[in-house]
Amino acid sequence: ACFIRNCPKGGKRNVDEGPTKPCMFCSFGQCVAPHTCCGEKGCEMGTVDANMCQEENESPIPCHVFGKRCLLNHPGNSHGNCVTYGICCSHDTCTVHLACM
């Protein structure tokens, strides 16, 4: 996964073809979106700590989120990662997901 502004020239589909780095860490886990921090205890969205994740947008190298892949039923964005027990997130949404349990 990559954040919105730091995707490679060809878009998100080209992330696997170029260099990536792990997304930055936040207060209790990993940044999974510009305003979302997830870890073992769940996810925070829009908090002061989670908003620090928007710094990832300044990096020219796309980042990848740890966790196995999961599919979301979300128009235009069906690929996500299991970011904590039972939660699948993409760059713009998180949802409860059985594949992440």
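For all residues, glycine too, the Cβ spot is worked out from N, Cα and C.
Copied over from Swiss-Prot:
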- C2-C7: disulfide bond (DISULFID)
- G10: glycine amide (MOD_RES)
- C23-C63: disulfide bond (DISULFID)
- C26-C37: disulfide bond (DISULFID)
- C31-C53: disulfide bond (DISULFID)
- C38-C43: disulfide bond (DISULFID)
- C70-C88: disulfide bond (DISULFID)
- C82-C100: disulfide bond (DISULFID)
- C89-C94: disulfide bond (DISULFID)
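Mapped onto this structure are the features recorded in Swiss-Prot.
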{"residue": "C23", "record": "disulfide bond", "CB count, 10 Å": "22"}
{"residue": "C26", "record": "disulfide bond", "CB count, 10 Å": "22"}
{"residue": "C31", "record": "disulfide bond", "CB count, 10 Å": "25"}
{"residue": "C37", "record": "disulfide bond", "CB count, 10 Å": "26"}
{"residue": "C38", "record": "disulfide bond", "CB count, 10 Å": "28"}
{"residue": "C63", "record": "disulfide bond", "CB count, 10 Å": "20"}
{"residue": "C70", "record": "disulfide bond", "CB count, 10 Å": "20"}
{"residue": "C88", "record": "disulfide bond", "CB count, 10 Å": "26"}
{"residue": "C89", "record": "disulfide bond", "CB count, 10 Å": "26"}
{"residue": "C100", "record": "disulfide bond", "CB count, 10 Å": "19"}
CB within-chain contacts under 8 A for C53 (disulfide bond), separation at least 6 = C23, M24, C26, C31, V32, A33, P34, H35, T36, C37
Would you kindly give the Cα-Cα distance separating C89 (disulfide bond) and C63 (disulfide bond), rounded to the nearest Å?
-> 14
Which of the disulfide-bonded residues C43, C70, C89, C94 has its Cα nearest to the Cα of C100 (disulfide bond)?
-> C70
Who sits close to C43 (disulfide bond): which same-chain residues at least 6 apart have their Cβ under 8 Å from its Cβ?
-> G29, V32, T36, C37, V83, T84, I87, C89, C94
With an 8 Å cut-off on Cβ-Cβ distance and a minimum sequence separation of at least 6, pull the same-chain contacts of C82 (disulfide bond), or say none.
-> G67, K68, R69, C70, C88, H97, A99, C100
